[in-house]
């Protein structure tokens, strides 16, 4: 059964999780400021598509293999950390240049960034995050009964997570996108790129120091 007595607790927990600030929220804000609402929405869709990947590997037991192999976990961790640091450094370099963000793109007159760029950034930042692997392996089984088909139920729960997280992130993107005048200011752009870049680098370094669960 896809919806049972455990569905409401799952819904509450996943809603609170989706609204908590983290790498996903920061990346949506950064990309919306860079390329407008379109950029932010594509980033959010890509991030949430990664949830299905984690749900599938959790149901198939691949996540358990990753967690039990120190080498596999380490490689995934370093790849994710390197990617976040790379995104952060790119933002810091943009802050150093001090250019204003394209106001026309922010308010939606045109898209200055090709769709595949925010999609790639969002998907990779999610799929390469070993913390999401750990979370899905530990969290989803609590809401899957022994008689349920594990893969189908996992993908269903990931679909619920997709809808809630996407709605929240798109709302954030719309809020950021409505501030077109501010985003067009070189000073504001420098501050925003500097802050998001520094935080992304910090997230990457923290991820690199993460130890595999015992």
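Glycine too: its Cβ is placed from the backbone N, Cα and C atoms.
TrEMBL: automatically predicted annotations, no manual curation.
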Transmembrane segment range according to TrEMBL, out of 41-65, 116-140:
41-65
Give the one range among 6-29, 41-65, 188-209 whose Cβ atoms make the most pairs under 8 Å with those of the transmembrane segment (71-95).
188-209
